[in-house]
Amino acid sequence: MIVLGIETSCDETAVAVLENEKILSSVVSSQIDVHKKFGGVVPEIAARHHLSNLPVVFKNALSQAKISLNDIDLISVTYGPGLIGALLVGISFAKGLSLKLNKPLIGINHIVGHVYANYLTYPNLKPPFIVLMVSGGHTEILHIQNEKIEVLGKTLDDAAGEAFDKVARILGLGYPGGPEIEKIAQYGNDKAFNFPKPLYDSKDYNFSFSGLKTAVLYTIKKLDKIPKEDVAASFQRAVTDILLHKTFKAAKDKKINTVVLAGGVAANKYLRTKALEISKKEGIILLIPPIEFCTDNAAMIAIAGYKLFDGTSDLNIDAMPNLNL
């Protein structure tokens, strides 16, 4: 089966082609440089760029995959969560293709796509497993059983990625904040500041990062000279400690031997390294996708569509910016 994946939920325009589980092409056009001067994604600008970028990205994806339009068997598109204008661009394009080619259409939850991205690297992955889903807009611990996804815990305020962006702004760094903090943190002392770890010792699996962000702000206000590298490193350590403590706690509590990372923040090398250290210590299998499958891409939407397609087409898909699992 040839599956076309389309992803336009935020500021990446992405199209991928899969033959069953094999990637034939995966093309991503990023808008980071467009939004950098605004310090974050501007929804209207994002939608307009998707409109102009999507036809080009689509053409490149087909060309790289060496297929024609008529070779497509299934169209898989993100329908939420995300920016409504951005989502509508991808959905409208996918619906038009579905009608023109008379090929089935399936809508995919963006978060589910991040989970299924792991199947691109680990095709033999079998439930049950625990997922740390951590991105700019979402931070959740998920329990995967067969095709059922149970949310064990989630952030009660800021997502981890949001906290990175906000602390980066406090430090006067660029956008996106996560990579900027990671970049300077490698030159800092991660024990220079003992920032709080909200909910670290709570019995549940929920997160809270707004207090940590505020603690960073108050700490900086008290300093005459801001050691940015040390602040970034200490903040990164605090976030990582919280995320991994809760994730591996969930795995042990549920007696599950496999932990999977997913989402854009899972591209953070410090997080990946610490997760590997803990997994070895605890004797738990850790699976981490390559960085290109952590950040937004359409291959994850295509693989999710391939695995979840039940033979029925859904042309009634609508953009759901606040879609939950």
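Backbone N, Cα and C atoms are what each Cβ position is placed from, and that goes for glycine too.
Marked as Fe cation binding site by Swiss-Prot: His110, His114, Asp296. On its own chain, His110 (Fe cation binding site) has Glu7, Ser9, Thr78, Gly80, Pro81, Gly82, Asp296, Ile301, Leu323 as residues at least 6 apart in sequence with a Cβ closer than 8 Å to its own Cβ. In the three-state DSSP assignment, the secondary structure recorded for His110 (Fe cation binding site) is helix.
Annotated substrate binding site per Swiss-Prot: Met133, Val134, Ser135, Gly136, Gly137, Asp165, Gly178, Asn268, in sequence order, evidence recorded as sequence analysis. Around Met133 (substrate binding site), a 10 Å sphere centred on its CB holds 25 further CB atoms from the protein chains shown.
Fewest Cβ neighbours within 10 Å among the binding-site residues Asp165, Asp296: this applies to Asp165. Asp165 (substrate binding site) falls within a helix when secondary structure is assigned with DSSP. Counting other Cβ atoms within 10 Å of each Cβ, the binding-site residues Val134, Gly137, Asn268 show the lowest value at Gly137. The Cβ of Ser135 (substrate binding site) has 25 neighbouring Cβ atoms from other residues within 10 Å, across all protein chains displayed.
Within 8 Å of the Cβ centroid of the Fe cation site, not counting the listed residues His110, His114, Asp296, the chain contributes Glu7, Ser9, Thr78, Ile111, Gly113, Ala117, Ser135, Gly263, Gly264, Asn297, Met300, Ile301. DSSP assigns Gly136 (substrate binding site) to coil in the three-state reduction, outside any helix or strand.
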